[in-house]
């Protein structure tokens, strides 16, 4: 499954696609877990192990695709009024994606351990008589044989060794692929960690700007208050001066009137 681009910058549709992928990853992880539980039982078979590998690789591709979608979602432009809501939505998607990845990586590691255990049993059973009862009849036939005459046993021994080597190579190839896929998921975890860190820096910057704006508003209000106080004091002083001048004029007028009288 290859990565397909977003949905024309529509955040709602992109968020829906991310949520859908997260649900698929969770569902696939549960299916992988059920398949792992069948290994070593009568239901075990080479076909079952092949299905397990295909399901694991499909889920790994889903995880890579979702990682790209979340990056795209985080880079979409937004208005100041929608910024907080967009952050809440992205935080929720990242948290859900992280939870689904954690569970998926858990079953990945279980699958790798099961494959390693199987290879070890095949190697051991190729050196001793008899097989291992945990594996299915199809795979058990590759490494077990019945007591026969010495020439027949030697011939069968050679056939089993060749089949065992082929089986070991297949399983070791599967182990290498699983380990590579686990590393891919580790890289996605790093991406998510970086996104959370960068988003935190952006939010801190926004909050700092808001705080600075609030400080500026408070300072402006204080300056306006001081200006109003100064204006009131100036008016009061002017009124007092005018009152004194009026009194002075009246007194001078009375003095002049008294002299003339």
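Please read every residue number as a count from 1 along the shown chain.
Cβ atoms are placed via backbone N, Cα and C, with glycine included.
Residues or ranges marked as N-acetylserine in Swiss-Prot: 2.
The topological domain 'Cytoplasmic' feature in Swiss-Prot is assigned to 2-238; the stated evidence is sequence analysis.
Swiss-Prot lists 4 (among others) with the feature phosphothreonine.
The phosphoserine annotation in Swiss-Prot covers 45 (among others) and is backed by similarity to another entry.
Residues annotated as coiled coil in Swiss-Prot: 47-69.
Among the features that Swiss-Prot reports, phosphoserine is placed at 75 (among others), with the record citing similarity to another entry. Annotation for residue 75 (phosphoserine): no same-chain Cβ neighbours under 8 Å separated by at least 6 residues are found.
The phosphothreonine annotation in Swiss-Prot covers 79 (among others), and the record cites similarity to another entry as its basis. When Cβ atoms from all protein chains are considered, those within 10 Å of residue 79 (phosphothreonine) total 7, not counting its own.
The phosphoserine annotation in Swiss-Prot covers 125 (among others) and rests on similarity to another entry.
As annotated by Swiss-Prot, phosphoserine applies to 126 (among others), with the evidence given as similarity to another entry.
For 129 (among others), the entry in Swiss-Prot reads phosphoserine, with the evidence type similarity to another entry.
Residues annotated as phosphoserine in Swiss-Prot: 205 (among others).
The annotation transmembrane segment is assigned in Swiss-Prot to 239-259 on the grounds of sequence analysis.
For the topological domain 'Cytoplasmic' (2-238), the mean pLDDT of the prediction comes to 77. Cβ neighbour counts within 10 Å, taken over all protein chains shown, single out 125 as the most crowded of the modified residues 45, 125. Secondary structure at residue 125 (phosphoserine), as computed by DSSP, is helix.
Separation of the C-alpha atoms of residue 79 (phosphothreonine) and residue 125 (phosphoserine): 66 Å, rounded to the nearest whole number.
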